[in-house]
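Below you'll find the structure, written out as structure tokens, and then a few comments.
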Ligand SMILES: Nc1nc2c(c(=O)[nH]1)N[C@@H](CN(C=O)c1ccc(C(=O)N[C@@H](CCC(=O)O)C(=O)O)cc1)CN2
Ligand SMILES: [Mg+2]
């Protein structure tokens, strides 16, 4: 068996088109464009590329882009003061502070400072709590992108066994919460799990978000299972995921790296910005988003 490749690039392009339509409708109704502010501290090359891509994609979707690049030695106070200004700026609907931040900055304190209604990353504890309790929330972009791909493969997710590998606040935990919300039977495995394979073997859906190149092995996979590879590991010779490529010989459907989950992250960010703008303006959220 060779798994069907899930084309995240094409799915993301279609989502960006729907976002552009919704952004145009918002602009018409509100008399201004939805606005996204992205903050980058330091010069990490990958982060710099992501921030540039976000700015370009924001403009291409018909939204206003506000880019703030700060030097690596920016103090906590300066960064928090910028977040406060963006919180107060009516033209800004979404605020994203690119991670990772330099080590001298308290990441949690910065995330908690962002107005939860503008928290298009969905990282604020209030949005995490809203997601966990089934309330309307801004949901982290990467896991929501994974869920969109999964819904496409499995129109009926309820009752499926899902295993999430990794428990980060950015991917693993919100991914598990989203799958639980879809009535999957969800298990999260992590570095202290005694027998990772025993859990993964039972899964209809495997989401790998550990940051270890090629971690998930073909013999762990139930034949026909759907495998979502969130890993973006830069190794000699290019970009590889958290899933061994031979898994494609066992799985029913799998996301490639690159071109799977990665492109969904920015498309969902644009989607979250239009959602945040609509809610802030008291307008209905486009149901196609
Ligand atoms: N504040 C945030 N910081 C970070 C996030 C985030 O969602 N919010 N996610 C990642 C980085 N990221 C966006 O910021 C991101 C990662 C990967 C991609 C992507 O399109 N990947 C492509 C490959 C691109 C390449 O060749 O390098 C793919 O996988 O196909 C987009 C965005 C950490 N920080
Ligand atoms: Mg730190």
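Glycine too: its Cβ is placed from the backbone N, Cα and C atoms.
Here is what TrEMBL records for this protein:
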BINDING   166, 167, 168, 232  NADP(+) binding site
DOMAIN    6-121  domain 'Tetrahydrofolate dehydrogenase/cyclohydrolase catalytic'
DOMAIN    140-280  domain 'Tetrahydrofolate dehydrogenase/cyclohydrolase NAD(P)-binding'
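Among the binding-site residues 166, 167, 168, 232, residues whose Cβ is positioned under 6 Å from ligand 1 are identified as 232. For residue 166 (NADP(+) binding site), the number of other Cβ atoms no farther than 10 Å from its own Cβ, over all displayed protein chains, is 24. Its Cβ taken as reference, residue 232 (NADP(+) binding site) is surrounded by 19 other Cβ atoms within 10 Å in the chains shown. Secondary structure of the domain 'Tetrahydrofolate dehydrogenase/cyclohydrolase catalytic' (6-121) per DSSP (helix as H, G, I; strand as E, B; remaining residues coil): 62 helix, 18 strand, 36 coil.
For residue 168 (NADP(+) binding site), the same-chain residues that are 6 or more apart in sequence and have a Cβ closer than 8 Å to its Cβ are 209. Taken residue by residue, the domain 'Tetrahydrofolate dehydrogenase/cyclohydrolase NAD(P)-binding' (140-280) breaks down under DSSP into 55 helix, 28 strand, 58 coil. Neighbours of residue 167 (NADP(+) binding site), defined as other CB atoms within 10 A of its CB across all chains, total 18.
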